[in-house]
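Here the structure comes first, spelled out in structure tokens, and everything after it is commentary.
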Amino acid sequence: MGFRMANFLGDPFAISTVSFGVIAWIVAIAGAGSSASDNFPRFTWWGLVYEILLIIMVFLLYLNNTIELYKFTLVGLLSVGFLYTTNSTNNLIYSSNSGNLCCAAGCILLSMLNFLWIVYFGGHPESPSNQFIDSFAMKSSYAQQLPSEKNDDHEFAVPRSASGSQGFGVSDSRHSQLTNSKSGYMSSSQLNGLENFSHTNVQNTGTVGASNPASMPNTVYNTNGTNTADSNFAVPVSTFRYKARALYSYDASPDDINEISFVKDEILEVDDIDGKWWQARRANGQVGICPSNYVKLLD
């Protein structure tokens with residue numbers, strides 16, 4: 001997948017915790033540097049080096065969007081770091097030296113960060129704590145991946161009828177929402193009915209004819225677990241470049257028609273794999289979005 005800064009910047013939890021860790025480490029290393037060498041625990045130096053390596057590792061894993069593949073490894077490494085920082089705090093906090101106290105304050109902050117990461121990376125994706133943290137990033141990160149004006153292959157035309165309204169009973173306001181290529185954002189309500197589609201639903205010309213809607217193939221779209229057929233819309237063909245295996249079962253939220261449900265070990269076709277939400281297609285042709293921490297890319 002390659003390193004992409006968007007993977008890191010699209011996750012508020014990653015930005016806030018890594019930034020907090022860097023600041024806490026700077027406080028600790030500044031205190032250590034200003035302390036007298038004969039009055040400073042030497043093993044604390046190794047603890048600080050170990051801690052910055054952990055922060056860099058988490059940052060790189062977020063950049064590569066592979067944090068979920070190594071979260072159990074991180075829990076073990078962070079547990080060791082938690083012991084280092086708490087032990088250093090105990091050795092420094094009772095000192096009267098200002099440098100030692102500054103380093104102790106930094107170690108306390110690093111201990112708090114290590115504990116938070118242990119709880120998050122060690123928790124199940126469906127746990128209340130993880131879902132609460134992920135809720136701040138999931139929806140916003142997927143909105144940034146929606147089609148924009150520069151994705152010409154995703155644009156399509158909704159035909160108008162002779163009376164001036166769109167074919168298949170689409171209103172003027174609805175048509176302007178669906179075909180507006182100047183906006184880089186579309187809300188989930190604007191995407192209703194457009195999420196799930198099959199390759200047979202688009203003619204080779206890239207537009208939909210409205211002269212004989214009864215003869216057009218039905219479009220299959222998501223109803224959160226129940227596939228229904230509707231001929232109101234035809235949508236563009238999307239290429240799914242990757243395959244992924246479901247690590248856990250997932251039930252689509254009834255409040256978001258864009259989500260799809262799937263079961264553990266199911267093979268999905270996915271695309272737009274930046275951020276927390278990926279575009280996915282099931283074997284039955286159902287298309288929508290899935291949380292990236294529930295699936296694993298296959299080679």
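Using N, Cα and C of the backbone, Cβ positions are placed for all residues, glycine too.
The domain 'SH3' feature in Swiss-Prot is assigned to 239-299; the stated evidence is sequence analysis.
Feature annotation from Swiss-Prot assigns region 'Disordered' to 153-182.
According to Swiss-Prot, the feature topological domain 'Cytoplasmic' maps to 1-12 (among others).
Annotated topological domain 'Extracellular' per Swiss-Prot: 34-42 (among others), in sequence order, evidence recorded as sequence analysis. In the predicted model, the topological domain 'Extracellular' (34-42) shows an average pLDDT of 83.
What Swiss-Prot lists as topological domain 'Extracellular' is 87-100 (among others).
The topological domain 'Cytoplasmic' annotation in Swiss-Prot covers 122-299 (among others).
Long-range contacts of the transmembrane segment (13-33) within its own chain (CB-CB distance under 8 A, at least 6 residues past either end) are made by residues 40, 44-45, 48, 51-52, 55, 58-59, 62, 67, 99-107, 109-110, 112-113, 116-117, 120, 133-134, 136-137. Taken from Swiss-Prot, the feature transmembrane segment applies to 13-33 (among others), supported by sequence analysis.
Residues annotated as transmembrane segment in Swiss-Prot, with sequence analysis given as evidence: 43-63 (among others). Distant neighbours of the transmembrane segment (43-63): 3-5, 7-8, 11, 14, 17-18, 21-22, 25, 28-29, 32, 70, 74, 77-78, 80-81, 84-85, 87-88, 91-92, 103, 107, 110, 114, 117; these residues of the same chain sit at least 6 beyond its ends, with a Cβ under 8 Å from one of its Cβ atoms.
The transmembrane segment feature in Swiss-Prot is assigned to 66-86 (among others).
Residues 13, 17, 20-21, 23-32, 34-35, 40, 44, 47, 51, 54, 58, 67, 71-72, 74-75, 78-79, 81-82, 85-86, 88-89, 92-93, 95, 129-130, 133 of the same chain, all 6+ positions outside the transmembrane segment (101-121), place their C-beta atoms under 8 angstroms from a C-beta of that stretch. Residues annotated as transmembrane segment in Swiss-Prot: 101-121 (among others).
When Cβ-Cβ distances below 8 Å are used as the criterion, the topological domain 'Extracellular' (34-42) is approached by residues 88, 91-92, 95, 97-100, 102-103 of the same chain, each at least six residues removed from its ends. Note on the topological domain 'Cytoplasmic' (1-12): DSSP counts are 6 helix, 0 strand, 6 coil. In terms of DSSP secondary structure, the topological domain 'Extracellular' (87-100) contains 9 helix, 0 strand, 5 coil. For the topological domain 'Extracellular' (87-100), the list of distant contacts is 31-36, 39-41, 43-44, 47-48, 107-108, 111: same-chain residues at least six beyond its ends, Cβ to Cβ under 8 Å.
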